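J.: Have a look at this one.
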Amino acid sequence: MMSTVFSAVVVSIGYTLLGWDFAALLEANRHMVKEFELDTGPSIEGITVAVSAFGAIVTTIFSGSLLDWLGRRAILVHSSLLLLLGGFLMLWSPNIYILLLARLIVGSGSGLVFTCVPIYISETSPPSMRGLLGTMPQFMFFVGTIFSYCLIFWLTLMSSPKWRIMIGAIFAPSIVYLALLVYYLPESPRWLVSEGKISEARVCLQWLRGKKHDISGEIGTIVEGVDFISDTAIGTVQGQSLSGLTSSQIWPQNTFYWHLSDPLVDLLGSIHETMSETITGSRRNSFFPVFNSFYFPEHEHRDDNSDQQTREVYSAGEANNGDGLRTSLLSQTANVEVNDTNTSFTSEGSSSYLRRHGTQEFMASLHDHDIEEEDEETSGMVLPHQPAYRYMENTRRHPSRYRILRLSETADMKSKWRVLLQPGTRHALCYGILIQALQQSAGISVLLRYTPEILKQVGVVSLFSDIGLSPHSTSILISALNALLMLPCITAAMLLMDVCGRRALILATTPILILSLSVMSLSTLLDTGSLEFAILFHLALTICFCSYVVGLGPIPNILCSEIFPTQARATCMSFCSLSFWFGGLLSSYCFPVMLSTIGLGGACGIYALVCCIPLFLVYYRIPETRSLNLELIADIFKLSRQPPYVQ
């Protein structure tokens, strides 16, 4: 998996540039006001921040369509070019107008990076490492912040600090970022599969997983996850699977708990509990009896003869255009036994079950057409995968018949926006937008940006006055030390993300975040000017940042990159990114107003109250997604939001 980790590190360099720009902009504004003879300091500060956010919002609006059209790798390359051009213009910037243009370009590149990097990492990472690698951008963000603070601290020791170097220094790492993206980064296999490029997807996935890794099962699962069949399949499987069950048995809407808790949270909780148990000891789920047959065996026993035959056929099929895809799909269907009363699910075969059982009525209508007898024996199981490999093998031989079988053509004729109206996608999108907006509205990002000013206000800078440092340089140094202290916390989050899970980390760290904000508020309101209160505030601020980077900081991005189906992931992620940027704008605008009206203590108290909202949202509505395939997460969201079947 070294290539997978390397790819995640490469794309996360974009977040390093975002962290650098995040920390340097506020300090650069202090000096550009003097050079350009702008007397309204707060005005130019607001303009530079607003222009960057405007560029990010504009590119984020179109990022979903661009990601689906050009691909993940191409958009990342374009984002690096924008950051490179913006950094060069900021280094030059002879007047305020060129500087604002440069800020607009940098903001546009930042919007693309923020949207695309989590998508790329989630689509290329294996389920067992997706949380670890998904936290990598947060780690790299603070690496860039530390380097930026170190450069700013060195420049503030000079008589005339050069603010162009502070913000334009991203020009140099942007060159490295561009070179690595162009020469070493493969395309996302899931995007290639959605475009019908199965051979290229298999090559990219093999490079990501390593030459000795067998990717036949994973590439088959990816193909299954792409919606090649009509949306009525989910409704059909629900009607068949829930036959004989009353509505009250499946959806206990009359209970008080139903109005508070999302049944999907209980469903996935029972699934993850079952993963650590034996098959015979699997727990039953009262909300979704159809999922009572889910099991995730840790060690699957397979017949040696069948494995040998599969390897032989797979080796023989590598010369085909599908690169052994037909064999991988057939081998998967052979391993899934479908019974009327008890069906065994695996994390790689659930979407296959849904699609096979949902297309039986459609299969009956296809027997009237000219379908070869050899295909009829397995058509009930292979039809959902036929559009992927028949596009390569049989289009020239049977063009008219292919138009009948390729159901994705009908789906392509519909607007992709209709995918967002499907129940599962719609609810997942609402949760994603809400948690991203709440992450920014909690105000921690603003506290991070204004840390030097806050430390000067509470009097912490007096700690280093004996060694000859100015208060401003001292605040920069302490900010750098705070950012450096966060790296071990983010490292711990990376290691725990796939062990404890996303929900557990947020539920454990958000109360600490709320408590630390409350202590900051009280210490500021009760401040008597003593050094003890200043140390207490700084300690609470450090705990606040450390708890944030473990939970509420990286997890919203990870969740938003996991809970959407492949067909709608880019579009939905663009909506979530829009809520992030708008929430950041709102928080940036309100923070100076709150400082001038209710003070720092009042602002921290409001942020503590706001942090309670994502805590309850995650507890009652956000499911656990660790160790689950992206296709399984999307299918469970889709199935759980179908109306109950009434006999």
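Glycine residues also receive a Cβ, built from the backbone N, Cα and C atoms like all the rest.
Whatever TrEMBL says is automated annotation, not expert-curated.
In case it helps, TrEMBL gives these features for our protein:
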type	residues	note
DOMAIN	7-626	domain 'Major facilitator superfamily (MFS) profile'
TRANSMEM	6-26	transmembrane segment
TRANSMEM	47-67	transmembrane segment
TRANSMEM	73-93	transmembrane segment
TRANSMEM	100-121	transmembrane segment
TRANSMEM	141-158	transmembrane segment
TRANSMEM	165-185	transmembrane segment
TRANSMEM	476-497	transmembrane segment
TRANSMEM	504-523	transmembrane segment
TRANSMEM	535-560	transmembrane segment
TRANSMEM	572-594	transmembrane segment
TRANSMEM	600-620	transmembrane segment
J.: Can you work out the mean pLDDT of the predicted model over the domain 'Major facilitator superfamily (MFS) profile' (7-626)?
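T.: Its mean pLDDT is 75.
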J.: For the transmembrane segment (100-121) and the transmembrane segment (504-523), decide whether they are in contact, meaning at least 3 CB pairs lie under 8 A, counting pairs 6 or more apart in sequence.
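T.: Between the transmembrane segment (504-523) and the transmembrane segment (100-121), which are separate recorded stretches, there is no contact, as judged by 3 or more close Cβ pairs.
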J.: Report, as numbers and ranges, every residue of the chain located at least six residues beyond the transmembrane segment (535-560) whose Cβ falls under 8 Å of a Cβ in that stretch; write 'none' if there are none.
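T.: Same-chain residues near the transmembrane segment (535-560) but 6 or more away: 118, 122, 130-131, 134-135, 137-138, 142, 431-432, 435-436, 439, 442, 444, 447-448, 451, 454-455, 458, 460, 478, 482, 485-486, 489-490, 492-493, 496-497, 502, 505-506, 508-510, 512-513, 516-517, 519-520, 523-524, 527, 572-573, 576, 611, 614, 622, 625.
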J.: What stretch, picked from 6-26, 572-594, 600-620, has the most CB pairs under 8 A with the transmembrane segment (504-523)?
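T.: Selected stretch: 600-620, with the most Cβ pairs under 8 Å.
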J.: Could you tell me what the rest of the chain brings near the transmembrane segment (572-594), counting residues at least six beyond its ends with Cβ under 8 Å?
T.: 42, 49-50, 53, 56-57, 60-64, 67, 111, 114-115, 118-119, 420, 425, 428-429, 432-434, 436-441, 443, 445-446, 449-450, 556, 560-561, 564, 602-603, 606
J.: Using a Cβ distance cut-off of under 8 Å, indicate which of 73-93, 165-185, 600-620 has the most pairs with the transmembrane segment (141-158).
T.: 165-185
J.: List, by number or range, the same-chain residues at least 6 past the transmembrane segment (165-185) whose CB is under 8 A from its CB atoms?
T.: 6-7, 10-11, 13-14, 16-17, 20-21, 24-25, 27-28, 73, 76-77, 80-81, 83-84, 86-93, 106, 148, 151-152, 155
